[in-house]
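Enquirer: Right, I'll just put the structure down here and ask away after.
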Amino acid sequence: MKNSYTLLLLVFVVFSSCGDDLDDNLKASAATQFKFTHQWNALTVSSADFNTLQFINANGEELSVERLRYLISEVTFTRGNGEDIVIDGHHLIDVTEDSGLTYTPELEIPTGFYTNVSFTFGLNNEANMQNYIDLNSVSFNVPEMLGGGYHYMQMDGKFVNSAAEEMGYNYHAIRAVDNVGSNPTFPQDTFFTVNLGAVNIASETIVEVKMNIAEWFRNPNVWDLNVLNSVLMPNSEAQILMSENGQSVFSLGTVTP
Amino acid sequence: MKRLSVLVLLVCLAWSCSKDDAAAYEAVSTPLPLKIPPVFKENLLSPIIPNSNPQTIEGVALGKKLFFDRILSGDETQSCATCHSPQHAFSDSTPTSAGIDGDFGTRNVMPLFNLAWNYGERFNWDGSELSIERQALTPVQNPIEMHSNWDDVVSKLSNHSEYPTLFENAFGAFPITKTLTTKALAQFERTLISGNSKFDKYLLGDATLTPQEQNGLHVFMDEARGDCFHCHGSPNNPLWTDNMFHNNGLDSSFADLGLGATTGNPSDNGKFKSPSIRNLAYTAPYMHDGRFETIDEVINHYSQGLQNSSSIDPLMKKINQGGVQLIPQDKTDLKAFLLSLSDPSFLNNPEFIN
């Protein structure tokens, strides 16, 4: 008796693990996928373009990107009726390692017209206080004395400075912090919402999210790498400038049903 | 009853929906979960154990015997442990090491611990090996290491008085192969876990740091002073390495291309894997070629000895001045902190000693 139960159970397990999903999907909802692409103005940029001084920023410095990874969270679909669908959680895009370039949330989205699709660049302050093992495991942490939590973005590379020497820069975006030490204070939020605009979801949809890297150095603050190149994490003013420049960095690319 | 086990085996095979033989030997041996330190459990993703090579009591015991056995080398004078010695956190005390024929390699022996948490699974200083199993193939046949060949090793193991039984206990009644041999070695290597240093105890509330160690931690974490944490982990990444490849400014031109030789990409020249800074008390000399004998020399390197080159990591600061220019007090304290990450219980663990 006991044996045949075991057998039955095992056979069931075999079928359920190898079989197709039998769930008839009658709900009108669709999977969405976000595809992250990167540009330097009109130029498409991938990890293959890293490590060479081939970009020129608004301030006129020649520069390269060697490492670029950033965090987005709380992707939100907004309907006309004000009902938001929020996808909890965060996603790390690592352009250097070509990982995380697509993000497929588990949650399917009811089909229909959405007046806005948005996400948070980085993590909001509450989310930034949690312990995330995936982000610890890839060393994305911010030191405790700077308030802890995580980097929003790590962009490292080289530029040619005003003395015509090549030197490194570390454009690391985090939560702006003052009074670095055991009781840090936070002058102003530096995570921000990116509004991609309206998207219609009729069936499975791929949404392209574009990042124009040049914008980090341009708008509204023309970035002078000779002045701001490293040790920017404990520099709250620099963090606020980054956050301001970040607002125009992202845009909606093609939407493919 | 016997028929049922056969059935269970078949079902298990079907269940895994894959072609590997792991399920077959799972049925003959006893699972042995890794002993994951509490600070790892709290902060890190699970270790990587391939489905095709689950940890078992019998597999680990076999792997341990193989690791310490000179039968793996051509003239039976060297075992893995000759270079990877437990007293040195499975490393050794010379800059480079001689193989069985007395020829010296060009690289410092790497210590072996927490290997299952190397999520990118790129092993060796230059990332040339892509799994622990595959890594174990090379030392045996490397002419400047154990200088044997796998056919000989497999036939010696097959004709040995004990090994055939040990392999059968671990993997079932199959002929001994190099694949099974490296699987057993890898199982043993994955058990080499070090997470019980004074600093780990401090994180668990069971120890207090001295003011020097505390300041040293701040130097390590401070972007304006050491800024070591971007590559070497932090209290939240208790591996104390990113397991990634960087040029940390040792040379302006490269005798050893490191990662560049593996990828063929010139911008990877001079990049080597960031080692974990755990167990530095036992792993001198330091760096891929063992050029620094002391931790003080390492700290002086970052502070004032950086050499510029086109692939130097952008995280290396003030290269014009040779580095981050730590004041003497910060250097001493940084060293005290680094040493708080050494774990004496790792050296004396009877499970790791022959």
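Using N, Cα and C of the backbone, Cβ positions are placed for all residues, glycine too.
The model shown is predicted, which means the values in this text are computed figures rather than measured ones.
What TrEMBL shows for this protein is this:
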- B:1-22: signal peptide (SIGNAL)
- B:C80, B:C83, B:H84: heme c 1 binding site (BINDING)
- B:211-342: domain 'Cytochrome c' (DOMAIN)
- B:C228, B:C231, B:H232: heme c 2 binding site (BINDING)
Enquirer: Where among the binding-site residues B:C80, B:C83, B:C228, B:C231 do you find the Cβ with the fewest other Cβ atoms within 10 Å?
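Expert: With the binding-site residues B:C80, B:C83, B:C228, B:C231, fewest surrounding Cβ atoms within 10 Å: B:C231.
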Enquirer: B:H84 (heme c 1 binding site): which of the binding-site residues B:C228, B:C231, B:H232 is the nearest Cα neighbour?
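Expert: Spatially nearest to B:H84 (heme c 1 binding site) by Cα position is B:H232.
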Enquirer: When DSSP is mapped onto helix/strand/coil, what comes out for B:H84 (heme c 1 binding site)?
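Expert: Once the DSSP labels are grouped into three classes, B:H84 (heme c 1 binding site) ends up as coil.
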Enquirer: What are the sequence-distant neighbours of B:H232 (heme c 2 binding site), meaning same chain, six or more residues apart, C-beta distance under 8 angstroms?
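Expert: When sequence neighbours closer than 6 are ignored, B:H232 (heme c 2 binding site) has B:F220, B:W240, B:T241, B:D242, B:S274, B:S276, B:I277 within Cβ distance under 8 Å.
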Enquirer: To the nearest Å, how far is the Cα of B:C83 (heme c 1 binding site) from the Cα of B:C231 (heme c 2 binding site)?
Expert: 26
Enquirer: Suppose we draw a 10 Å sphere around the Cβ of B:H84 (heme c 1 binding site). How many other Cβ atoms does it contain, all chains included?
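Expert: Its Cβ has 22 other Cβ atoms within 10 Å.
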Enquirer: Mean pLDDT across the domain 'Cytochrome c' (B:211-342), rounded to an integer, is what?
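Expert: 97, rounded to a whole number.
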Enquirer: Could you give the Cα-Cα distance between B:C231 (heme c 2 binding site) and B:C80 (heme c 1 binding site), in whole Å?
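Expert: About 29 Å separates the two Cα atoms.
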Enquirer: Measuring Cα to Cα, tell me the gap between B:C80 (heme c 1 binding site) and B:C228 (heme c 2 binding site) in whole angstrom.
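Expert: With the alpha carbons as reference points, the distance is 31 Å.
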